[in-house]
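Structure, as structure tokens:
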Amino acid sequence: MVAIAILAAGKGTRMKSGLPKVLHSLGGRSLLGWVLNSAAEVEPERQIVIVGYRSEMVRESLQAVPGLEFVEQAEQLGTGHAVQQVIPLLQGYEDSLLVLNGDVPLLRPQTLKLLLDTHRRHNNAATLLTAHVPDPKGYGRVICDGNNILKQIIEDRDCTPAQKQNHRVNAGIYCFRWPDLAEVLPKLQANNNQQEYYLTDVVNDLSPVMAVDVEDYEEILGINDRKQLALAYQILQNRIKDQAMAAGVTLIDPDSITIDDTVKLEVDVVIEPQTHLRGHTTIGTGSRIGPGSLIENSQIGANVTISYSVVSDSVIQAGTRVGPYAHLRGHVEVGSQCRIGNFVELKNTKLGDRTNAAHLAYLGDTTTGTGVNIGAGTITANYDGVKKHRTQIGDRTKTGSNSVLVAPLILGNDVTVAAGSTITENVPDDCLAVARSRQVVKPGWRLKQPDPT
């Protein structure tokens with residue numbers, strides 16, 4: 001069994017934001033969301049989040065995560081002080097405690113498993129994660145014997161010139177035998193210039209303590225400012241895109257493409273340049289997305305083509321073509337083998353299979369049957385200034401160019417709407433609807449010209 005404590009109380013002053021640092025977004029999740037996602041892989045018995053700055057906002061952001069416990073750190077007096085807050089919650093607990101930081105989002109689940117397995121296998125009082133970094137400036141140096149048993153953690157400012165050449169650093173991620181930690185935590189002193197309680201002081205008082213190296217030092221990157229956030233995003237994108245290409249996805253220009261971790265791509269998907277896939281999006285096999293497209297929180301079927309378009313909160317079935325310059329938003333459902341062309345906007349609309357809206361149309365709050373053809377310039381006038389109304393269009397119905405369908409409205413099956421018509425009344429099956437002024441032609445008519453003299 002293992003319990004996990006996640007330090008998430010800090011304000012993050014260097015972020016220069018009203019948002020708690022751990023709630024800043026990174027590739028589809030918050031920083032804290034990434035930590036929780038990795039933590040879940042070790043199947044913890046308990047997960048305790050230590051909150052402080054804007055704690056209610058942090059709690060609210062995690063409402064969908066089951067089984068979390070929260071404890072308040074009213075004053076942020078260091079990492080040791082933060083872990084002291086969990087003592088009342090773990091009375092009688094006899095197993096391991098993983099201590100994680102809510103602003104270290106790149107830590108892989110397998111690294112946590114390695115840390116926990118090493119801790120248990122050697123029956124350590126504590127096991128800490130270490131990394132060999134190219135530039136160790138600012139990190140505490142870890143001194144071990146030949147068996148990776150900790151001898152000392154030395155803060156950067158206290159290192160001798162020789163010790164500064166040591167590139168093995170403390171990642172600030174620990175696994176403790178909880179009864180041992182609970183015994184020494186209350187004795188922790190703030191004997192430093194910052195008057196803070198450091199968890200490293202506790203580690204130096206426990207025995208035996210072992211260090212285990214992370215395979216990739218980038219995993220321990222902490223986020224303290226916007227530049228580090230951007231760096232973490234680049235690292236994360238490289239991970240995601242490498243995994244996608246290894247799984248049979250073609251990325252034409254990886255450097256210009258962004259993909260959230262929550263996106264699912266099937267084999268033989270092709271992503272063109274300048275395309276961005278966000279949120280809980282799935283792309284079916286054989287689909288081609290882009291160039292220049294944004295897909296967000298949408299489910300795209302197999303063999304769909306989308307170019308230069310924005311699709312959000314929508315479902316598109318197999319074989320449909322979208323774009324260029326289409327906009328689908330607000331719970332759109334498009335059937336299979338449809339055509340959504342240039343400068344077409346769909347909002348809260350459901351289109352049946354084999355329906356075409358090839359160009360210059362707006363359909364809002366609309367439902368169509370199958371085989372419908374929406375002529376160029378057709379719009380549904382769905383808003384009366386107070387509320388939205390729906391338009392229902394039957395199978396095989398056709399609207400002529402420049403038609404206005406004033407909702408609420410029902411067009412039956414096999415209806416034809418004449419070009420230029422404004423339809424305000426329901427139209428039964430098999431009817432032609434014409435609603436426009438009759439053309440008048442006056443022979444010999446021309447405007448009087450001014451006298452040039």
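Cβ coordinates come from backbone N, Cα and C, glycine included.
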Same-site residue for acetyl-CoA (record: Swiss-Prot; known: Ala376, Asn382, Tyr383, Ser401, Arg436; options: Ala357, Ala419): Ala419
Proximal residue to Leu7 (UDP-N-acetyl-alpha-D-glucosamine binding site) among binding-site residues Asp103, Asn224, Ala376, Asn382 (C-alpha distance): Asp103
Cβ atoms near Tyr362 (UDP-N-acetyl-alpha-D-glucosamine binding site) (within 10 Å, other residues, all chains): 20
Spatial neighbours of Asp103 (Mg(2+) binding site), counting only the recorded positions Gly78, Arg329, His359, Tyr362, Ala376, Ala419 and Cα distances within 10 Å: none
Intrachain C-beta neighbours of Ala9 (UDP-N-acetyl-alpha-D-glucosamine binding site), sequence separation six or more, cut-off 8 angstroms: Ile50, Val51, Gly52, Tyr53, Ser55, Gln73, Gln76, Ala82
Shortest C-alpha distance to Asn224 (Mg(2+) binding site) - which of the binding-site residues Lys21, Gly140, Asn170, Ser401, Ala419: Lys21
Nonlocal neighbours by CB distance (under 8 Å) for Asn382 (acetyl-CoA binding site), same chain, sequence gap 6 or more: Gly364, Asp365, Thr366, Lys388, His389, Arg390, Thr391, Ala407
Rounded inter-Cα distance in Å - Ala419 (acetyl-CoA binding site), Arg329 (UDP-N-acetyl-alpha-D-glucosamine binding site): 27
Cα proximity to Tyr383 (acetyl-CoA binding site), best match among binding-site residues Gly78, Gly140, Arg329: Arg329
